[in-house]
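Here the structure comes first, spelled out in structure tokens, and everything after it is commentary.
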Amino acid sequence: MNFTYLFVLIWLAFLISGGVLLFSRGFLLARVSKTETSTCRRLSTNPHDEYVLSPEVVNEIFKDVNASANLCLPQKSRVIILVVDALKYEFGLFRDNVSEPLPYENKLGFLNELLEQNPDHARLMRFKADPPTTTMQRLKGLTTGSLPTFIDIGSNFASPEINEDNVIDQIASSNLPMVFLGDGTWTDLYPRRFKRAYSYPSFDIFDLDSVDNQIKKHLPKELSSDDWQVLVAHFLGVDHCGHKHGPMHEEMARKLSEMNDVIRSVVEAMDNDTTLLVMGDHGMTASGDHGGDTDDETNALLFAYSKQHRFYGNDSGSDTEMLQQIDLVPTLATILGVPIPYSNLGLINFNIVPDIPVPYLNKFQTLLLHSWQNAQQIYRYFFQYAFENKRTFNVEEMDRLETEFILLSHRVQTIYNEAAFKNFVRDLNVNLRDILGTCREIWVRFDPTQMSHGLLFSFLPVFFIFLLVNNSRPADYEKIFKAKETFYAYLINVAAGVFGYRYYKNFSFKTEEHGVIFFTAVTSAAVFSFHVLRHWTNIANNWAAVRRFAHMPTRLLLFAAMAVFFSNSFVIQEAKILSYLLAATILLLSHELLRLSARIDFKTKFKASQFLRSTALRLVLASILAICLIRFAYTLFRCREEQGNCSDFTNSGGAGFSLKKPGSGKTYILAVVVIVVYTTLTRLYLRSCGNLTGNSPNVLLARYGPTVASICAGGHVLLANSSIKNIQRSHIDVLALVIYALLLLQIIVVSWAPLMIFVLPPRNANTVIVNGSESIVPEIFRKMKRMYEGNDEERRNAIPVVYGLATVYSSIVITFGVFLALVMVVLLEPRASIGLIVCIAVAAILLSIHGILRYRTATSFETCVQPTFTAIVGWFLLAHFCFFATSHQTTLSQIEWRAAFVGRTTGIGQSNLISGVLVILNTFCGPIFFFCMYSLLSTETYSLFALFPNLIRSCRSSSAGGKVDPTTTMTDLANEAVGFDMTRGELTLYEYEDVFLGTGFKLATQFFMLQGLKVFCAMMACTIHCRHLMVWKIFAPRFIYEALATFVSLPSLILGYLLLLRIHRAVDTLIKRINKTKVL
């Protein structure tokens, strides 16, 4: 079997993906992490320590305050940090005038008690997070004090150890023992830093209590211990409750009340020299999700409490209502008396620092030293970073900031009273916030070299596909892509990649990755150019044969789909735009078919009964049904924050929330019904094709597997969303695991014995003998025809009867699709699973309309097996429309992380890789499913006319004005129309295997071309709008989604072609076995 086409597809996929990856490295360039660390001399009141605070030392400090940057004042207290994951600011507010509070309201009443009883000892503040609001990125910000990079969200599945200076390392290096309890992300980021660590897995969002219960089990013992200086406990129950139920569920009330009890017990147990900090790392949306930059997601809560000591008041110059999360790092370092991390950009907020007198220092002197130490640390980091990245920062802005710093450094020497301090610290904070603002604006440095190379190298494969593949005939591909030449091309590319990896620095490339992609892309472009020049005559002739304005309506639809990326309004409304374009594509196919088939004279020859039985009416009804299904999918679309008229949300949620309407029981029942209907109709279709006859492995699996899988999927939908509390999660997991196992078994069976046929052995052995240059297929059908016409000799010497031969290719693809779809159904939300089945129904209608159209317009086997451009664009649009129909949106906060744990909450397969695969299957179910099934566009025409041969007569009669000799056989009609016997079904594909496999390859490359063009437009839009106000909110997330869609679509197409090759090899083995005595 020739796998040359497969290797060419892999080659093209590598080139397109490499270009996209290179562009993302330039556009989403991460901030350069600095490895330098801050140090200081820790002043102490203990006379036995090395650096003792004394009047002489204080005098020396204030002789030159600028020289005090390397000094740390004594520790003020121990610290307890309670991180309640996803503790939104509104959760901590207390509303007296509410008689029926919402589930999240007034549940943290103990905070209000402390605020009223000891207002000087307690603080409640808005804790403002920087996006992205995923847990790992928030923990990095909470410990390093640096701004997160946009693309860091991709590492949420694999938390690498932090190598940047951070407050945890500073505490550890200062010999202050730490104890940790809870979310295992902490120990992933900071391994071996804690004296004791009670770490637990954090990714099982269905489990609301296990981690929290373990913390509560060990927390009392640790609170009574005195061998630690910092205790961190990270609770996960509130966050998991939000993901599973949302903030309006009664479970949220239970978890918040539980946190209230925990805080109460901690306050009662802690000593007088301890400061308590209760905080959320991020908020949550109305649906309980997070990850983006909306106010719901970035507004967390911070509560601080000290039993004995007051906090500094408003005279400290700090914000009293809101605390930036990056401000926690210098504030925590101030409380503990450790150096502020080197890359910190936050400011000390003295409102949560205990007002503990420092010997020999006035209050304003203490605050001044802390503030100036913070300022010098920020200036040192900022100007060093700017010096190493000169082209990143605006020169005039840098000069202004440096001038202000010089003036402040002179001014700090003249602060001798509290009034002067207040004025100074106000101006200092303004200047430091200007630095922070400057970093926010230009932190993500665009690399124009990588971006331009990425654009070029992703476009070149698309260009050569159009030039070399799209303008060549399938029969010519064997001459263009010869096995030996493809092998040499691979060797040349490997050599080019090694050269780029070894000598990338010589060409001023920053990474080995850039060098490899650059040289392999250039080498591949040279190889493809050689192929184009060598076959230019054929390419030019085929190109000239194409009409200049052919498929113009379809081209306009494709242009509209690509233009979406260039407008933020279009991106927001992309779901509706795709629905219009998809409906228009179906109408184009129907119009073309009706134009060729429906010839009705309404004045003289119209007969209602004839019209009601006509194929034309059925096509009209099928088109209307498809459009109705597309319109129904509107109800399944998920909303974006920018869409103010979204019906999924109401505004009755009180402060801080828009309420998301929960799924109803009717939705769950409808989901189960459509799952059962889909598997039942598929089974009936396969049975009518004869593909469920016999006892071969794949037949047995196709006969019983979908039934079992649909029962499990329906049960999972109902039980996973049930309000019954005593259902064990392991029982629900088993249902999902059964479906996973069936898909895995299907893959194994297809790899081993894919055919779904049954060979009925003859009563008398008979051999079909043909010459070596002839094909066995026509002889088999001639013998079957003579048997059908009554030749007794042939009946006595009957050849084997093979059930399922007419759909030998499509039946396996459809069966594989059923198992793949059911896996996706169990990963999706109930209403999203309805959307997937709706898209599959639209695909079936599109295939039926296109199958008849292809027969009506074809003049040969080659034109019949090659889908029309309109059908290709329609299938492509449907694959991407399915993304929105399955309740997804191109925003970071609406990623369905829940899918990562379906079937895995009992500890089975706790792997980040598996989690990522499941989330990808959930998010990109449309492209994965439809691109794996793309070969149906080529095969369904043959199976359709083999199953319904009367379509041949009806199509012929419509084109002949109703005058067809009733004695003419179907075979003769088909031969007259397209030049071959359509009644053979898909076995005809084997007879013309060179053209068939070449067409499958061409169709895959055409989808490569469309997907490559789509992601290229997304990249170009980001390049044009890189300084647009909405670049990080709309354009960058849209590019990320399109890039990921490309990375999953190209392998899916390769998998679809590999499936086609495997089936073809099995058919080849079958034919040879039937003709086992063939004369050579």
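Using the three backbone atoms N, Cα and C, a Cβ is placed for every residue, glycine included.
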**Study point:** Which listed span TrEMBL calls transmembrane segment, if the choices are 487-504, 1009-1026
**Key:** 487-504
Review point. Which of these ranges is annotated transmembrane segment in TrEMBL: 5-26, 1039-1060?
Key: 1039-1060
Exercise for review: For the transmembrane segment (667-686) and the transmembrane segment (865-885), check the count of CB pairs under 8 Å (sequence separation 6 or more) and say whether it reaches 3 or more.
Suggested key: no
Check your understanding: Counting only pairs at least 6 apart in sequence, do the transmembrane segment (516-533) and the transmembrane segment (451-469) share 3+ Cβ pairs under 8 Å?
Key -> yes
Practice item. Take the transmembrane segment (577-594) and find every residue of the same chain, 6 or more past its ends, with a Cβ under 8 Å from one of its Cβ atoms. Key: 553-554, 557, 560-561, 564, 570, 616, 619-620, 622-623, 626-627, 630-631, 633-634, 842, 845-846, 849-850, 852-853, 856-857, 868, 870-871, 873-874, 877-878, 880-881, 884
Exercise for review: Please work out the mean pLDDT for the residues of the domain 'GPI ethanolamine phosphate transferase 2 C-terminal' (871-1044).
Suggested key: 82
Exercise for review: Please indicate, using numbers and ranges, the residues of the same chain that are 6 or more beyond the transmembrane segment (451-469) and have a C-beta under 8 Å from a C-beta there.
Suggested key: 12, 15-16, 18-27, 477, 480, 514, 517-518, 521, 524-525, 528-529, 531-532, 535, 539, 1001-1002, 1005-1006, 1008-1009, 1012-1013, 1015-1016, 1019-1020, 1023
Exercise for review: May I ask which of the stretches 554-571, 734-760, 801-827 has the most CB pairs under 8 A with the transmembrane segment (834-853)?
Suggested key: 801-827
